[in-house]
Amino acid sequence: MKKIQTFIQTSPVCSYTEWDLLEEIIVGVVDGACIPPWHAAMEPCLPTQQHQFFRDNAGKPFPQERIDLARKELDEFARILECEGVKVRRPEPKNQSLVYGAPGWSSTGMYAAMPRDVLLVVGTDIIECPLAWRSRYFETAAYKKLLKEYFHGGAKWSSGPKPELSDEQYVDGWVEDEAATSANLVITEFEPTFDAADFTRLGKDIIAQKSNVTNEFGINWLQRHLGDDYKIHVLEFNDMHPMHIDATLVPLAPGKLLINPERVQKMPEIFRGWDAIHAPKPIMPDSHPLYMTSKWINMNILMLDERRVVVERQDEPMIKAMKGAGFEPILCDFRNFNSFGGSFHCATVDIRRRGKLESYLV
């Protein structure tokens, strides 16, 4: 036990929850962001009104003015975190327009804006996730320099099975089933794939959902990889197009949970005794472009500890809700970054939080 404790104390990577005191974080970069080539796996994940935009502009850069505005907000976000005492690291921008591939397919890239999706930190283990989108196949390349540094510093560096992403991984001829009562997922169980953003950490317990990028095979692989110290609980929500859990259910602190009232209509039994804070209805105007998400991206907040929380500056209802629940909102403009498919949690992966492995569920 003494050896384990020493390893944890010296590892540069160590994080067990979404709320322990944040000491180090990676903030993404939006430079060079490209619109991914259209693929059937994207259809159930993207807003219907954006499908034609992606089809018409596949492989092209995102509008430069959008990139510039988002970069400005990201840099300010990083500055705010540093002012709050957090060490901020950034990935290396990569040329997303380069063509790459594997047997049977080719693609260009997308961006390195959302480290939350591609890297999962559980304890002292930083895991590269086997992503389901072909356009994200080499996305972790932007983080390799940091990953090597963390490994040399004592962290455990793991990687999920590198997927083939052949046609067998996707439902042939997928179409929306209007009569379905549960999500009609576009990925199969051919091989394990998962995005880190379909998991949220509560010490010894990890909440997960199956989605259009995360399959049961991937969840089972992760559970076996993590071993008996952790238990993954797979929950199903009232979401017909699941992709990433942070706009559905967000642990804020021990015993406090932010929930999407449209998707979480009944409190999961494992959260018995927890306080449920209903996320206020988003107020983002319809005129603001959201290429990849719904307006519920307003739930994608970031806890710096059990009290401080980063919230979008213009989201007055969320600011009020956080204050009412006893939290201290730290405000940051982020709507232009929201256009690219994420907010504060998506734009980051916490590398080190000051805490220990505990159980918080009944």
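For all residues, glycine too, the Cβ spot is worked out from N, Cα and C.
Feature annotations, courtesy of Swiss-Prot:
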ACT_SITE  ASP195  active site
ACT_SITE  HIS244  active site
ACT_SITE  CYS346  active site, amidino-cysteine intermediate
Would you kindly give the Cα-Cα distance separating ASP195 (active site) and HIS244 (active site), rounded to the nearest Å?
8
Rounded to the nearest Å - Cα separation of ASP195 (active site) and CYS346 (active site, amidino-cysteine intermediate):
11
What is the number of other Cβ atoms found within 10 Å of the Cβ of HIS244 (active site)?
28
Taking the Cβ of CYS346 (active site, amidino-cysteine intermediate) as the centre, how many other Cβ atoms fall within a 10 Å radius?
26
ASP195 (active site), number of other Cβ atoms within 10 Å:
25
